[in-house]
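Structure first, commentary second.
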Amino acid sequence: MPSQVIPEKQKAIVFYETDGKLEYKDVTVPEPKPNEILVHVKYSGVCHSDLHAWHGDWPFQLKFPLIGGHEGAGVVVKLGSNVKGWKVGDFAGIKWLNGTCMSCEYCEVGNESQCPYLDGTGFTHDGTFQEYATADAVQAAHIPPNVNLAEVAPILCAGITVYKALKRANVIPGQWVTISGACGGLGSLAIQYALAMGYRVIGIDGGNAKRKLFEQLGGEIFIDFTEEKDIVGAIIKATNGGSHGVINVSVSEAAIEASTRYCRPNGTVVLVGMPAHAYCNSDVFNQVVKSISIVGSCVGNRADTREALDFFARGLIKSPIHLAGLSDVPEIFAKMEKGEIVGRYVVETSK
């Protein structure tokens, strides 16, 4: 496929300091390094991590000025001089994990998210809230052809992340998984991956809109935290002993603590959501006697990415998205802060 004309300037959302003004402005289109591809980003998901990057309330080093976003889906328009395995015209995904060294002890065994030289999209590397963005060719995701780019965008972070978390829960088909924070961007995908993997799903969230989405996605038991006064007791009763696995994607410290009490003996609590400055409090006696495992799960590796995208490409996962324009990012952040989003926002970079 012949190379398309690449403009010198493009639209982007830029901020110059933590909590600084989110400016929708013209910036220069980046030039890919020898190891990078340049992607014409058609769509980008908006993740809660983007909000944390803007606030600067996670202990990550940030570059400034910074273009956020890390769920970019688009088309390859240019290759760096050393790039192999890609061609102009390929569908490509830009993940949070933009690049790693591929030679440290963590990269060698597929734990790239622990690489000490990790380059994070939307944190240390300008992200996908722009029309053209670069990504390391090794870590960029190969998106299958004929996939809807708007709908696949959230898979590139939210989908991969919850898929990896479900694998870490060590649950077998027919057992119970509880999704805490079930109907946000991550939770709505976690429900579907869990069902596709053969698990029975309980969802915890608040409000009728989220109950409706949970039921539409095929979940079995919904617990509304605004109505249920004894969430721990309700889950233990419904599952006849507790949930075999728990995926915590909520940003509530209290919800994390509760999950350690309704987890079944020998079960696994997986921490995914990262509320700023929060702690995981677990009663030691309860944890020891019940032999509960509490594990953290960050983003997935390249194999997890391929597997998560395969579920999507086969039609097993649907993205409950709301489309907006790139210029709407400030308003989306405001809704996110208020907990008003059901599903996932995806922005079209040309608007």
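Backbone N, Cα and C atoms are what each Cβ position is placed from, and that goes for glycine too.
Using a 10 Å radius centred on the Cβ of C157 (Zn(2+) 1 binding site) and all shown protein chains, the other Cβ atoms total 32. Here Swiss-Prot flags C47, H70, E71, C157 as Zn(2+) 1 binding site.
Annotation source Swiss-Prot lists NAD(+) binding site at H48, S49, H52, G184, G185, L186, D205, K210, F225, V272, M274, S297, V299, R344. Within its own chain, D205 (NAD(+) binding site) has G181, A182, C183, G184, G187, R211, F214, F222, D224, F225 as residues 6 or more apart in sequence whose C-beta sits under 8 angstroms from its own.
In sequence order, T100, C101, C115 are the residues near C107 (Zn(2+) 2 binding site), counting only same-chain partners six or more apart with C-beta under 8 A. Summarising the annotation, Swiss-Prot assigns Zn(2+) 2 binding site to C101, C104, C107, C115.
Under the heading phosphothreonine, Swiss-Prot lists T226, citing similarity to another entry as support. Using a 10 Å Cβ-Cβ cutoff, T226 (phosphothreonine) registers 9 neighbours.
Counting only same-chain residues at least 6 apart in sequence, none has a Cβ under 8 Å from the Cβ of K229 (ubiquitin cross-link). DSSP assigns K229 (ubiquitin cross-link) to coil in the three-state reduction, outside any helix or strand. According to Swiss-Prot, the ubiquitin cross-link annotation covers K229 (among others).
What Swiss-Prot lists as ubiquitin cross-link is K237 (among others), and the listing cites similarity to another entry. If you take the C-beta of K237 (ubiquitin cross-link) and look for same-chain residues 6 or more apart in sequence within under 8 angstroms, you find none.
For S282 (phosphoserine), the number of other Cβ atoms no farther than 10 Å from its own Cβ, over all displayed protein chains, is 18. Residues or ranges marked as phosphoserine in Swiss-Prot: S282 (among others).
Annotation for K290 (ubiquitin cross-link): same-chain Cβ neighbours under 8 Å, separated by at least 6 residues, are C263, R264, P265, N266, G267. For K290 (among others), the entry in Swiss-Prot reads ubiquitin cross-link, with the evidence type similarity to another entry.
DSSP assigns S319 (phosphoserine) to coil, not to a helix or a strand. If you look up Swiss-Prot, you'll see S319 (among others) marked as phosphoserine, on the strength of similarity to another entry.
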Compare the C-alpha of M274 (NAD(+) binding site) with the C-alpha of each of the recorded positions C47, E71, C104, C157, S282, and give the closest one.
C47
For H48 (NAD(+) binding site), nearby residues of its own chain (Cβ under 8 Å, 6 or more apart in sequence):
G184, G185, L186, V251, G273, M336
Coarse DSSP state, helix versus strand versus coil, of C107 (Zn(2+) 2 binding site):
helix
Alpha-carbon spacing, T226 (phosphothreonine) to H52 (NAD(+) binding site), which is rounded to whole Å:
25
